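Asks: A single structure is presented below for examination.
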Amino acid sequence: LSVCFLILFHGCLASRQEWQQQDECQIDRLDALEPDNRVEYEAGTVEAWDPNHEQFRCAGVALVRHTIQPNGLLLPQYSNAPQLIYVVQGEGMTGISYPGCPETYQAPQQGRQQGQSGRFQDRHQKIRRFRRGDIIAIPAGVAHWCYNEGNSPVVTVTLLDVSNSQNQLDRTPRKFHLAGNPKDVFQQQQQHQSRGRNLFSGFDTELLAEAFQVDERLIKQLKSEDNRGGIVKVKDDELRVIRPSRSQSERGSESEEESEDEKRRWGQRDNGIEETICTMRLKENINDPARADIYTPEVGRLTTLNSLNLPILKWLQLSVEKGVLYKNALVLPHWNLNSHSIIYGCKGKGQVQVVDNFGNRVFDGEVREGQMLVVPQNFAVVKRAREERFEWISFKTNDRAMTSPLAGRTSVLGGMPEEVLANAFQISREDARKIKFNNQQTTLTSGESSHHMRDDA
């Protein structure tokens, strides 16, 4: 099964599917969007942005936000599209079940009579802890669950890449539930929203009893005829699973990251199916300032997560950027060469301007905490913090997303001859030199010497 799974993954690597219909990205106005639908469950809520909005249709993605209360369990589910999950706040644990991979977490055997008695000790696949700032990657069709073991709510934002080649259905985001009776959070527009059911509900009870070799009474429990929904409270105020202690888990995570760093440093690669699938890294934290790729004191930082430092992203054809700007700081104008950028405000608010291929300003406003903004591929964008710190995360639809700056030391204009700029803009060569060399920052700059962005279109 592991071999088949590997072949399936490699068959999905070619490229994102060309789902876009003609004129689907002919957008003359962008908006910072709040979720359109909200569903409340026993131990949490699920919110979704309308996947049929023109911004999300252009980018080929769907977005959902989960809030899980303490001791809440997000029931097992999978999707028709690969997912990137960003943990906005909270901590907990998650299980991601790959077909064909061994159950490496096992309870200790109680005596040698266990096999003779016919009773089995529990065993399951690896459980991963998560915390604020973690990115969790989940391929299409892979089941996962999530549990809040902290004292405050867990909030996550999930991108579903419905245009990805791993999705061979249509562009409708689908959640397939293995338990519970959750509603379809993406179908708010339907006035008569049908009650959700899990996959087992659709099968014949007798057939399932034969498949599991249990009685029909137990199968009826699998069909979950209750009203708790998709996020439920765990009995006894604790989810009892097999896992290392917190200190052991943290040490293991650190040693795993050090091992990966060492392999990258010496150019080594993992080899073997078990290492590629069953023990691959699915999680990385991008909230630590020490991991910043671009950092300017008192201005801000940018941290990039792509297929170079989390290899599974090559399979998913996705990447992520985390940004932090301090008061009045600026991300220099740029465009994304090979991806759409889906911006989610994590903290504070920032001023953003986006310009299309006609030179029209299609967005000029604020992106606040909890809002989403799509910046289509090649549209130029600039971000600026206002009177407070602004934090955001950008999901990008390419595993090695690239940007091209319009200003600064590495800008596209800086790579052109002065004479070209002088003739293009009808300016002197001295002014052309100012355009090329006045700002020697590469990506981030302080707002002290810059003028406010004006409405001088």
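Including glycine, each Cβ sits where the backbone N, Cα and C put it.
Below are the features listed in Swiss-Prot for this protein:
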type: COMPBIAS; residues: 261-270; note: compositional bias 'Basic and acidic residues'
type: DISULFID; residues: Cys25-Cys58; note: disulfide bond
type: DOMAIN; residues: 30-220; note: domain 'Cupin type-1 1'
type: DOMAIN; residues: 284-433; note: domain 'Cupin type-1 2'
type: REGION; residues: 29-37; note: region 'Conformational epitope'
type: REGION; residues: 31-48; note: region 'Conformational epitope'
type: REGION; residues: 32-45; note: region 'Binds goat polyclonal antibodies (pAbs)'
type: REGION; residues: 34-57; note: region 'Mouse monoclonal antibody (mAb) 2B5-binding'
type: REGION; residues: 41-55; note: region 'Mouse monoclonal antibody (mAb) 4H9-binding'
type: REGION; residues: 55-86; note: region 'Binds goat polyclonal antibodies (pAbs)'
type: REGION; residues: 105-119; note: region 'IgE-binding'
type: REGION; residues: 243-270; note: region 'Disordered'
type: REGION; residues: 265-289; note: region 'Linear epitope'
type: REGION; residues: 321-340; note: region 'CD4(+) T cell-reactive epitope'
type: REGION; residues: 329-348; note: region 'CD4(+) T cell-reactive epitope'
type: REGION; residues: 377-396; note: region 'CD4(+) T cell-reactive epitope'
type: MOTIF; residues: 271-276; note: motif 'NGXEET'
type: SIGNAL; residues: 1-14; note: signal peptide
Asks: Do we see three or more Cβ pairs under 8 Å linking the region 'CD4(+) T cell-reactive epitope' (329-348) and the region 'CD4(+) T cell-reactive epitope' (377-396), pairs being at least 6 apart in sequence?
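Replies: Checked: the region 'CD4(+) T cell-reactive epitope' (329-348) vs the region 'CD4(+) T cell-reactive epitope' (377-396), in contact.
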Asks: Residues sitting near the region 'Conformational epitope' (29-37): Cβ under 8 Å, six or more positions beyond its termini, same chain?
Replies: 47-50, 53, 55, 63, 65, 185-188, 345, 352, 354, 362-363, 365-368, 370-375
Asks: In terms of Cβ proximity under 8 Å, which residues at least six beyond the ends of the region 'CD4(+) T cell-reactive epitope' (377-396) contact it?
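Replies: Same-chain contacts beyond the flanks: 61, 84, 86, 157, 159, 286, 300, 318-357, 362, 366-367, 406, 447, 453.
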Asks: In the region 'Mouse monoclonal antibody (mAb) 2B5-binding' (34-57), how many residues does DSSP call helix, how many strand, and how many coil?
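Replies: Its residues fall into 4 helix, 10 strand, 10 coil.
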Asks: What's the number of neighbouring CB atoms sitting within 10 A of the CB on Cys25 (disulfide bond)?
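Replies: For Cys25 (disulfide bond), the 10 Å Cβ neighbour count is 20.
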Asks: State the mean pLDDT for the domain 'Cupin type-1 1' (30-220).
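Replies: When the pLDDT values over the domain 'Cupin type-1 1' (30-220) are averaged, the result is 89.
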Asks: Let me check the 10 A CB neighbour count of Cys58 (disulfide bond). How many other CB atoms are there?
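Replies: There are 20 of them.
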Asks: Tell me whether Cys25 (disulfide bond) sits in a helix, a strand or coil according to DSSP.
Replies: coil
